[in-house]
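Marked as transmembrane segment by TrEMBL: 24-43. The domain 'FAE' annotation in TrEMBL covers 43-327. Annotated active site per TrEMBL: CYS186, HIS266, HIS352, HIS356, HIS385, ASN389, in sequence order. Here TrEMBL flags 351-431 as domain 'Beta-ketoacyl-[acyl-carrier-protein] synthase III C-terminal'. What TrEMBL lists as region 'Disordered' is 453-481.
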Amino acid sequence: MATTTTMSSSMAASLVTSLRSLPAHALVPLVASALLFVAAVVLRRRRRPVYLLNYSCHLPDVDRKVNLEVCEYFGQRCRHYSDDTADFMRLIYRKSGLGQETYAPPFIFSGEFQKTQAFAVQEAEEGLFATVAHLLAKSDVRPRDVGFVVVACSMFSPAPSLASMIVRRFGMPPGTRTYSLAGMGCSAGTVGIDMAARALRVSRRGGYALVVVTENMSLNWYFGENKHMLVTNCIFRVGSAAALVTDVAARRGDAKYELVRTLRTHHGGDDAAYNAAVQMEDEEGNVGVALTKDLVRVAGAGLRQHIATLAPHVLPVSELLRYVWRVARAYVAGNPKAAAAIVPDFQRAFEHMCIHSGGKAVIDAVAKLMAFGPQVVEPARATLHRFGNTSSSLVFYELAYFEAKRRVRAGDRLWMLAFGTGFKACSNVWRALRDSAPDADNPWNACAHRYPAALPPPSTRRSSGGAPAMDSTHLKNDKLP
């Protein structure tokens, strides 16, 4: 070690002596070249900024709207469910937090009461094509300018792929690089943004990346009697979104947000987390997705680990110190359980939060764990009520809610948080580049004034047949405050 140190010192001394012996006219260019090299290295290490140029959310036709009456009619006419099963789904629907204006897949209204590949393709095309067309038109981007296409759909993976369907429909060039994500669950929207940003940054030419997220219910509607698998029928609804991200510096003035940070954590090493939401067959061979009772606990545990990684990168130093002080004080008081329950105040890091709105219980669990007040989770509850669980696109519907309410101001920080099967948690952190205003195709334009809505509590009365009574407030339009 001593010998190595001596040799290094000797070489440094020799280098300094050599430089001093150089004439000024030779030394100046040499120093300038060294400084330029250092500057180039520093700039190269700094990641190119990625912007959210714009996005669009799918608003299905009015004839796709579904309420409790439509659900009950379909359940009775399809003759796949027993009376007990129908009563169970009715109870879940009333407690779900969904309103009376969500959207169902085409086969629900077909009168055939059978799920087929044709209906699945129709559902996909209706959402994907309309959303991408609106987005490209309002972003002033031609299809041939899109270098990357990332399409996420967890439960429907046809051949050719959904990404290929989009390339063909919009006539994109052969050099377009496409990626199809499946099985990612509700986190696929935030995962898609992360993947698109990474693709742009490693590409020498950069450009535009199109992220399209959707879910497909047509082939995944459950026709069995397993209660764990019936829940998805009651809460999942039709929805799609498309986002255009770019690293083109000239488009910064047109962009809405700058991507500050992404984080993905995977908790599938734990058996309970892995099995919290699983596609499977029941005893009769009916395929569906089983949501276990452990799902909410798993979401809470995964969120704790996720924010432990995220917090140091987004929270101000003052809040981190405050958090450390509160935890230390609880330990000194001999209360380790209280110390473990303490979380930092993330409202110090973000002005707006698009929280995973996968279900009423999940929203409640996140609000309790993070100590969020009603105003913080209002967009999540409103999105669940108006559109249901649209899976990977739900965070974009929440973002559209903020813009419809004109709440986002230039410089505001926004947090997208989504959970997915596996079990995964994913965050996108954005900074607003300008004040928000709703676009012409914002899905909330016709209904934002009705939210936040005062939702009636679920009825506990029972009819003479033993099923929950049909409360008339559930069959009318949303109750307003």
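Including glycine, each Cβ sits where the backbone N, Cα and C put it.
Sequence features, as recorded in TrEMBL, placed on the structure.
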{"residue": "CYS186", "record": "active site", "contacts (Cβ under 8 Å, 6+ apart)": "HIS356, GLY358, ASN389, SER391, SER392, LEU394, ALA418, PHE419, GLY420, THR421"}
{"residue": "HIS266", "record": "active site", "contacts (Cβ under 8 Å, 6+ apart)": "GLY422, PHE423, LYS424"}
{"residue": "HIS352", "record": "active site", "contacts (Cβ under 8 Å, 6+ apart)": "PRO379, PHE402, ARG407, VAL408, ASP412, ARG413, LEU414, TRP415"}
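Confidence across the domain 'Beta-ketoacyl-[acyl-carrier-protein] synthase III C-terminal' (351-431), taken as the mean pLDDT and rounded to a whole number, stands at 94.
Per-site Cβ counts within 10 Å over the active-site residues HIS356, HIS385 peak at HIS356.
Counting residues of the domain 'Beta-ketoacyl-[acyl-carrier-protein] synthase III C-terminal' (351-431) by DSSP class, helix then strand then coil, yields 39 helix, 20 strand, 22 coil. There are 25 other Cβ atoms within 10 Å of the Cβ belonging to ASN389 (active site).
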